[in-house]
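Participant: Before I ask anything, let me first share the structure, which is written out below as structure tokens.
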Amino acid sequence: MTSASTKFSRDVSTSRASEEGADENPNEAQELGGRRRDRDSEAGLSEFRNPEGSYGLTTTVEDENAGAVSDQEGVAEGSPLGFEDMNLKDELLRGIYAYGFETPSAIQQRAIIPCVQGRDVIAQAQSGTGKTATFCTAVLERTECSTPETQAIILEPTRELALQTHRCLLALGDYMKVQTACIVGGGRVADDVTRLRQSPAHVVVGTPGRVKHLINAQHLDPRRVTMLVLDEADDLLSSDFKDQVYDIFRTLPDQVQVVLVSATMPPEVMSVTEQFMRNPLQILVKKEQLTLAGIRQFYVQVEREVSGCLANAVVGTLAVHLSDPGSNPVPGRM
Ligand SMILES: Nc1ncnc2c1ncn2[C@@H]1O[C@H](COP(=O)(O)OP(=O)(O)OP(=O)(O)O)[C@@H](O)[C@H]1O
């Protein structure tokens, strides 16, 4: 059973009305969409805000049956979806299984397919629920490795998150001929330039400032990008980053798909998303559905802050213990 979230009920009700209107009058939808996505405007961020307010076409999916997926084309309600049911490339599937994933988490079951289908998606689920692997899987599936062009940009608010996401991308794409680049602030720009000159990266993961710089300096070509992912979107669309993110967005092709991923989606961020997303599917996974079947969680209580070495030792001990047969379906993973 599916129910609309009341949190964004204004958007949802307006959405439905707009969606109906859009069906009847496609030109009107196009006009509004064009205005919303007008990146040629000199007005910058003032154009980023939509004076009409709520042409967001947001659809909220909230399932009451854990593991069930509904309101998604091609997915039968109530059937638990496996990675093998997602019609993914063989090499990608191999990477997913080799990484130790057996069953998709709730957010993965709901969000991977619409992202692969090219829809604008807002995916919201708590930390540690597999959001990173969700968009990495979708990006890899949509990447055409035989075309030497940058096809996806994943933005992260911090260097550490960018590196982490890049690692996930490399692991899942291990059996694909995918070229990736991680370009983050703090390192030497010259190193990024050298990397991008070696071979165009199909997928770029980076922090907004450095990505924007490399696009402006024409070291990164945004003209063939089909997918923009904003991870931790609440941070990326906060005042610190919003201008840079929008500057990057304005360089991308008109039809670019936008995927927003976050643990929280405050109303002010939602209102910003309305300005540059087209009819986004909003996927909100409720707290009680968030447990990853393949993951057991532990905590270790310590008296004071522990050093990195000690933390690694604790994790190592747990990993050894967990790899004991029968103790965890995903050895070493927590
Ligand atoms: N389907 C899966 N099966 C087993 N493990 C998984 C699966 N998906 C993700 N994981 C693992 O679960 C952990 C948390 O996943 P991930 O970092 O993607 O979560 P997240 O929602 O992006 O968290 P955050 O919001 O903190 O970035 C990681 O170690 C990841 O490798």
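Note: Cβ is positioned from N, Cα and C throughout, glycine not excepted.
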Participant: Of the ranges 81-109, 110-138, 226-254, 284-312, which one does TrEMBL flag as motif 'Q motif'?
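Facilitator: The listed stretch tagged motif 'Q motif' in TrEMBL is 81-109.
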Participant: Counting by DSSP secondary structure, give me helix, strand and coil numbers for the motif 'Q motif' (81-109).
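Facilitator: Counts, helix then strand then coil: 16 helix, 0 strand, 13 coil.
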